[in-house]
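Encoded as structure tokens, the structure appears first; notes follow it.
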Amino acid sequence: MAFQKITVQNPIVEMDGDEMTRVIWKSIKDKLILPFLELDIKYFSLGLPHRDATDDKVTVESAEATQKYNVAIKCATITPDEARVKEFNLKSMWRSPNGTIRNILNGTVFREPIMCKNIPRLVPGWTKPICIGRHAFGDQYRATDTVIKGAGKLKLVFVPEGSDEKTEFEVYNFTGAGGVALSMYNTDESVRSFAEASMNMAFQKKWPLYLSTKNTILKKYDGRFKDIFQEVYEANWKSKYEEAGIWYEHRLIDDMVAYALKSEGGYVWACKNYDGDVQSDFLAQGFGSLGLMTSVLVCPDGKTIEAEAAHGTVTRHYRVHQKGGETSTNSIASIFAWTRGLAHRATLDNNERLLDFTEKLEAACIGAVESGKMTKDLALIIIHGSKLSREHYLNTEEFIDAVADELKARLLKAKA
């Protein structure tokens, strides 16, 4: 019986990527998305050669399209360093596309583990998921840093608009050979949006919310985050939280990391930009794998999102693939980028068939793994080292085929 394709009323923005993830991205589209959906895709290639050819304008255009259509689904991309500039003969060492997109969309990145019963956790006490919300604007990622050469005074100056009454702070008096300096910032508007997004996410999940800062050291900077979160909580969320039996609490980052390690999970953790970058990888590994993590950027308007894979472009596998060798690359996070993006499209469009499809595709991924069909990285978590043999895992395409079979079975079962 032929499957009647699901019509998706409104477009989605697709941001293609680099290396091995670009290879699996195409396979996911061809085997798990396009056979089942009638879909208008606004396509942007964020592969490094095309970013270079367009002077990185394509990255900005893709973010602007996301603002227009409200849903973007992004493949992993290369952030070039010196070696990549040489390898690709780039005009410039282009900025991280994720950083560019996040700064335009000014959102909060929420990451959450994909839990499979048969994948052991490095932190066995984590029996419930932990959703980490990373403020995706400003701080170190928008900072101006410099190398200081020689002796001299470093000053921080603020000149108010329409006034000559500048405020000047002496930061440090360099007396030796020099050193390094950094100036960074954030805005009240962005922190307020971060607070709203975090409060909303925790309320939707009916989980408590924790904000972590180091306000004992950065009394003004981190203190502002703490104050704004408290204001937003008191004004808009306190009564809702009390009714739902959940709570909001501020904690010092060091105390929060210790608490996270001994907790059972089941909460939303709001992190400043750098803390979120670091702690999301700590959580991913603790739950089992970076390849089992969802990542969604939620914008302040509440209706615009960008879903992505939380890992890199898997360069090592791509080198093997280029030589015609067999790879076993985990595509689950990339599949979940599609499902989370499409699920949001379904919610915006009130499209129940599409929402049901995304749930079945996610269940097909987890079902495949729990039935013993998985890629090498996951098999290695279960069967350590030399005990692992080729029969214990599937290659890149075999795994996507296994998910496709599982998905078709679930769709047919629902139809019957």
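Heads up, the Cβ atoms here are built off N, Cα and C, so glycines get one too.
Annotation source Swiss-Prot lists NADP(+) binding site at Thr77, Ile78, Thr79, Arg84, Lys262, Gly312, Thr313, Val314, Thr315, Arg316, His317, Asn330. Around Thr313 (NADP(+) binding site), the same-chain residues six or more apart in sequence whose CB sits under 8 Å from its CB are Gly17, Asp18, Glu19, Met20, Thr21, Arg22, Ala76, Thr77, Ile78, listed in sequence order.
Summarising the annotation, Swiss-Prot assigns substrate binding site to Thr79, Ser96, Pro97, Asn98, Gly99, Thr100, Ile101, Arg102, Arg111, Arg134. In the three-state DSSP scheme, Gly99 (substrate binding site) falls into the helix class.
Sequence-distant neighbours of Tyr141 (site 'Critical for catalysis'): residues of the same chain at least 6 apart with a C-beta under 8 Å from its C-beta are Gly99, Arg102, Asn103, Asn273, Tyr274. Annotation comment: Swiss-Prot describes Tyr141 (among others) as site 'Critical for catalysis'.
Feature annotation from Swiss-Prot assigns site 'Critical for catalysis' to Lys214 (among others). Using a 10 Å Cβ-Cβ cutoff, Lys214 (site 'Critical for catalysis') registers 16 neighbours.
Within the same chain, residues at least 6 positions away in sequence whose Cβ sits under 8 Å from that of Asp277 (Mn(2+) binding site) are Arg134. If you look up Swiss-Prot, you'll see Asp254, Asp277 marked as Mn(2+) binding site.
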Cα separation, Pro97 (substrate binding site) to Thr315 (NADP(+) binding site) (Å, whole number): 17
Residue among binding-site residues Thr77, Thr79, Thr315 with least C-beta crowding, 10 angstrom cut-off: Thr315
Those binding-site residues, out of Thr79, Asp254, His317, that come within 10 angstroms of Pro97 (substrate binding site) at the Cα: Thr79
Maximum Cα-Cα separation (Å), residues Thr77, Ile78, Thr79, Arg84, Lys262, Gly312, Thr313, Val314, Thr315, Arg316, His317, Asn330 listed as binding NADP(+): 40
Nearest of the binding-site residues (Thr79, Ile101, Arg111, Lys262) to Asp254 (Mn(2+) binding site) - Cα to Cα: Lys262
